[in-house]
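Features of the protein shown, as given by TrEMBL:
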- His253: active site, proton acceptor (ACT_SITE)
- Pro79, Ser80, Ala81, Ser108, Gln129, Thr157, Lys229, Ser251, Asp284, Gly285, Gly286, Val287, Arg288: FMN binding site (BINDING)
- Tyr131, Arg166, His253, Arg256: glyoxylate binding site (BINDING)
- 1-313: domain 'FMN hydroxy acid dehydrogenase' (DOMAIN)
Amino acid sequence: MASEPVNVSEFEALAKKALPKMYFDFYAGGAEDEYTLKDNEEAYQRITIRPRVLVDVSRIDTSTSILGYPISSPIMVAPSALHQLANPEGELATARASAASNTIMILSFSSSYNVEEVAASCDAVRFFQLYVYRGRHIAANLVERAERSGYKAIVLTVDCPRLGRREADIRNRMIVPKLKNVEGFVSNDVDAGGGSNLEAYANSTFDPTLSWKDVAWLKSITSLPILLKGILTHEDALKAVEVGAAGVIVSNHGARQLDYSPATITVVEEVVRAVKGKIPVIVDGGVRRGTDVFKALALGAQAVLVSINLPGF
């Protein structure tokens, strides 16, 4: 590339050149045919904007707030795994960049640095993403550590009873590094049977029994607000309000779980109408330009999430 990159797609092209194939495919890939991965972006492109003219735009204020915490714009940092595969400073650098941008970072459960290290890296508002393993004591430990370290909310991922079939990871025989947040609790030394070590590890640890009743359990062990990440339907949005979620994130897991699930922007209105303003609605997946952020807001979302290292885990 002859000049400096000027948009997200050009940064992605540079990343493809710079990273080992296994790591780039892990960051950028989706499940199975990757239909939803493509549609997450293309669905935004199918939405057009009807501009109004002769409006005074000399003063523009993009600031907003989420759960009462002010941010400079309705763009937050999504939870995505293993930033150190792309940069030695990993999530420490991401946390500092998020703080400098005055926005909220959601730290991934599967981060290269643990909750305490990221919390100590800079002073900022951040949330913590939670997966629930078969051993519930692991989730309880992480929630307690996040709360003690000053995280302001828990983001419970609800669309991952087992890992989606990510064929690029299978072909590359993706090996998951040690996850610092769960050191001393579980080992990632699992038999992948010649396929993805990541998939084998996840499917041996994720709790497939996780259900709506467990939101009450999670609320019983923390005073932090709980957002549910992975909501795609009117029905589940209603349930989220019913169980006392503090917010919902419209997400198909970066198209890495169930292929042929809907592009997230196509269901934002459905979810917004279901919650009726009772809780904030945030959306991730496919956001590549400022016009995409505008479209999400116009359809009723309070903010979008973007991944620093592409779709994320």
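Using N, Cα and C of the backbone, Cβ positions are placed for all residues, glycine too.
Note that the coordinates shown come from a computational prediction; the quantities given were computed from them, not determined experimentally.
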(request) Sequence order is fine: just name those binding-site residues in Arg166, Asp284, Gly286 with a Cα within 10 angstroms of the residue listed as 'active site, proton acceptor'. (result) Asp284
(request) To the nearest whole angstrom, state the Cα distance for the pair Arg288 (FMN binding site) and Arg256 (glyoxylate binding site). (result) 17
(request) Show which residues of the chain containing Tyr131 (glyoxylate binding site), separated from it by at least 6 in sequence, have their CB under 8 Å from its CB. (result) Phe109, Ser110, Ala139, Thr157, Cys160, Phe206
(message) Between the Cα atoms of Arg256 (glyoxylate binding site) and Pro79 (FMN binding site), what distance do you get, rounded to the nearest Å?
(response) 14
(message) At a 10 Å cut-off from the C-beta of Arg166 (glyoxylate binding site), count the other C-beta atoms across all protein chains.
(response) 25
(message) Across the domain 'FMN hydroxy acid dehydrogenase' (1-313), what does the mean pLDDT come to, as a whole number?
(response) 95
(request) Between Arg166 (glyoxylate binding site) and Gly286 (FMN binding site), find the distance joining the two CA atoms and give it rounded to the nearest Å. (result) 18
(message) What whole-number value in Å do you get for the largest C-alpha pair distance within Tyr131, Arg166, His253, Arg256, the residues recorded as binding glyoxylate?
(response) 18
